[in-house]
Amino acid sequence: MSNRRDFIKKAALGAAAVTSVVGLSGFAEKEDVKEDLLEFPSKKVKKPVIISTWNHGLPANQETWKELKAGKPALDAIEAGMKIPEADPNVRSVGYGGYPDREGKVTLDACIMDHNSNCGSVSFLQGIMHPISVAKKVLQNTPHVMLSGQGALQFALSEGFKEENLLTPESEKDWKKWLEESKYKPVINIENHDTISMLMLDQDGNLAGGCTTSGAAWKMHGRVGDSPIIGAGLFLDNEVGAAAATGLGEAVIRTAGSAMVVELMRQGKSPFEACKEITERIYNKHKNHKDMEYLQVGFIALNKNGEHAGYSLRSGFNYAVSDDEKGHRMEDAKFKMSWDK
Ligand code: SD4
């Protein structure tokens with residue numbers, strides 16, 4: 001097989017070479033031929049590329065890009081970018097200023113993953129401004145992937161993080177207003193959305209990614225969403241591609257969303273086809289579900305060639321893209337159904 005491949009590469013004859021492949025082996029299975037076909041024409045890899053969910057992805061991308069270009073390691077660059085929305089009180093769905101749960105507590109989920117499949121994650125973390133940094137420390141300084149709740153806080157404090165109040169007066173006011181009716185029906189694209197998820201293909205052609213969020217507004221105390229769960233809110237396989245989710249975490253967890261997007265890319269689907277297929281699968285599994293009323297999910301995906309896409313169930317989802325060719329910009333994701341506020 002590998003000799004045959006070498007021969008094909010040297011021959012570099014496109015379609016003619018493919019024909020000779022079949023002739024050469026005589027018994028080539030269909031899959032073999034298909035695999036070889038994928039090598040012609042070999043695509044030019046575009047790198048580095050960074051993509052992130054939502055408008056707050058743009059300043060995050062800019063910071064990550066700057067750090068990456070300054071020679072920082074991928075995970076440090078991702079951390080630097082994601083700290084921006086985490087610290088911004090006007091971003092109501094991530095870190096400081098995020099909507100609290102129904103008890104008025106801001107509880108945070110985050111994860112980070114590198115090209116060697118090393119992962120670090122924190123869930124149900126309170127009182128720490130930068131959960132993405134704690135997730136990175138979990139990856140680097142513990143034998144575990146995920147720390148949760150009080151244990152995650154204890155670990156963060158032992159690593160020198162400072163405990164602080166993350167509930168801003170604005171968020172407190174909104175929470176008190178919510179308490180008047182106490183109905184859990186997150187507003188699409190506002191209250192069940194807006195995690196920042198970031199995916200990167202670095203200069204060396206390696207993938208990395210991260211997620212950070214305060215999760216769904218007015219969730220039950222103790223609820224953990226998809227964002228800190230490797231395979232749900234974020235997944236990557238350095239041989240294939242990376243994917244990340246935003247939206248109603250329960251639906252993404254039920255379907256192992258990001259892992260499935262990556263697996264479809266492994267089978268030859270483009271990032272767009274993969275995101276679309278999994279979004280449609282989520283729709284099919286939820287169309288008669290009680291969550292459908294407020295269901296929104298969106299995925300972003302990036303493959304090893306630097307090709308990327310976003311796709312969501314309902315309209316309104318966008319993502320930030322950064323590359324050398326076109327700089328930093330926002331792109332609107334395609335969607336299955338329109339939705340108006
Ligand atoms: C969650 N996926 O916790 C997240 C929601 C989100 O800002 O996108 N929040 O379910």
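Glycine is treated like the rest: Cβ placed from N, Cα and C.
Keep in mind that TrEMBL annotations are predicted by a computer and have not been checked by a curator.
What TrEMBL records for this protein:
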- Thr195: active site, nucleophile (ACT_SITE)
- Arg223, Val224, Gly225, Asp226, Thr246, Gly247, Leu248, Gly249: substrate binding site (BINDING)
Note to self: When you rank Val224, Asp226, Gly247, Leu248 by Cα distance to Thr195 (active site, nucleophile), which of the binding-site residues ends up on top as the closest?
What the structure shows: Gly247
Next item on the list: Pick out which of the binding-site residues Gly225, Gly247, Gly249 has the most other Cβ atoms within 10 Å of its own Cβ.
Entry: Gly247
Checklist line | binding-site residues (Val224, Leu248), the one with most neighbouring Cβ atoms at 10 Å | finding: Leu248
Check: Record lists Arg223, Val224, Gly225, Asp226, Thr246, Gly247, Leu248, Gly249 as binding substrate; longest Cα-Cα distance in Å?
Finding: 16
Item checked: DSSP three-state assignment (helix, strand or coil) for Gly249 (substrate binding site) -> helix
